[in-house]
Amino acid sequence: MLLVIDVGNTNTVIGVYHDGELEYHWRIETSRHKTEDEFGMLLRSLFEHSGLMFEQIEGIIISSVVPPIMFSLERMCTKYFHIEPQVVGPGMKTGLNIKYDNPKEVGADRIVNAVAAIQQYGAPLIVVDFGTATTYCYIDENKQYMGGAIAPGITISTEALYSRAAKLPRIEIARPDNIIGKNTVSAMQSGILFGYVGQVEGIVKRMKWQATQEPKVIATGGLASLIANESDCIDIVDPFLTLKGLEIIYERNRVGHV
């Protein structure tokens with residue numbers, strides 16, 4: 001079995017693959033202050049609840065956009081699993097040709113998503129990841145990573161609104177009954193959701209203008225389904241795209257792989 005760990009700024013998603021299939025998955029809050037023992041105890045609890053044992057894990061791969069957490073995670077892997085984890089970064093074989101001014105600037109999450117999307121859906125592609133930041137990645141018909149856009153995520157945009165406006169409350173991110181809000185909460189929900197849908201449609205449309213062939217649009221991340229339900233510009237929602245990319249990259253880098 002393969003343990004895959006995707007560390008985001010807000011959430012960490014953990015999965016277990018068996019024979020190329022995602023068998024188990026969990027989402028936890030990202031904590032920059034957990035020790036290797038706290039991570040180990042947390043994983044032991046998740047494993048025991050699912051009837052898994054640490055001894056069943058034969059490999060581990062991690063992608064992270066939060067560098068401070070990596071020391072504890074790597075120590076946890078060696079202490080509790082007795083495995084040196086693969087870590088997505090420079091020097092790994094991803095099979096991705098990155099046409100960025102400085103390829104090292106491309107986040108691990110964006111690389112992993114692109115690798116999975118190309119293998120699953122072909123190219124050209126636009127991959128939209130609704131995370132703490134919303135990222136847009138364009139892959140051309142030659143499977144080259146050409147670049148993209150980074151925007152504030154819907155959650156931090158919402159937090160900025162109520163934290164900077166004294167009379168506006170903290171609200172749930174949800175679809176209002178009507179775009180024309182009849183109270184403060186529904187008006188905020190309307191502005192946030194439909195404003196964000198407009199952002200997605202606008203950026204995707206402009207990327208398509210520059211594409212030489214019509215790209216397929218793949219969405220992932222916690223709020224992908226909410227946005228996709230309000231827009232016809234998203235072709236496919238794949239909630240486990242990042243985990244699949246980690247599994248693919250692990251296979252490309254494991255000892256003995258040709």
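Cβ atoms are placed via backbone N, Cα and C, with glycine included.
According to Swiss-Prot, the protein has these features:
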BINDING   Asp6, Val7, Gly8, Asn9, Thr10, Asn11, Thr12, Val13, Thr132  ATP binding site
BINDING   Tyr100, Gly107, Ala108, Asp109, Arg110, Thr184  substrate binding site
ACT_SITE  Asp109  active site, proton acceptor
BINDING   Asp129  K(+) binding site
Legend entry - Secondary structure of Thr10 (ATP binding site) (DSSP, helix/strand/coil): coil
Legend entry - Euclidean distance between Cα atoms of Tyr100 (substrate binding site) and Thr12 (ATP binding site), Å: 26
Legend entry - Cβ-centroid neighbourhood (8 Å) of the ATP site, Asp6, Val7, Gly8, Asn9, Thr10, Asn11, Thr12, Val13, Thr132 excluded: Thr30, Val65, Val66, Gly131
Inset, instruction - Would you please pick out, from the binding-site residues Gly8, Gly107, the one with the fewest other Cβ atoms within 10 Å of its Cβ? - result: Gly107
Inset, instruction - Give the sequence-ordered list of residues that share a chain with Tyr100 (substrate binding site), lie 6 or more positions from it, and have CB atoms under 8 Å from its CB. - result: Val106, Tyr145, Gly147
Inset, instruction - According to DSSP, folded down to helix, strand and coil, what is Asp129 (K(+) binding site)? - result: strand
Legend entry - Local backbone state of Gly107 (substrate binding site), from DSSP in three classes: coil
Inset, instruction - Within 10 Å of Asp6 (ATP binding site) by C-alpha distance: pick out those among the binding-site residues Ala108, Asp109, Arg110, Thr184, and say none if nothing qualifies. - result: Ala108, Asp109
Inset, instruction - Using DSSP reduced to three states, classify Thr184 (substrate binding site) as helix, strand or coil. - result: helix
Inset, instruction - Pull out the binding-site residues from the set Asp109, Arg110, Asp129, Thr184 whose C-alpha sits within 10 Å of the C-alpha of Gly8 (ATP binding site). - result: Asp109
Legend entry - Residue, out of the binding-site residues Thr10, Thr132, whose Cβ gathers the largest set of other Cβ atoms within 10 Å: Thr132
Inset, instruction - Enter the number of other CB atoms within 10 angstroms of the CB of Ala108 (substrate binding site). - result: 22
Inset, instruction - Give me the Cα-Cα distance between Gly107 (substrate binding site) and Thr132 (ATP binding site), rounded to a whole Å. - result: 13
Legend entry - Most Cβ neighbours inside 10 Å, all chains, among the binding-site residues Thr12, Thr184: Thr12
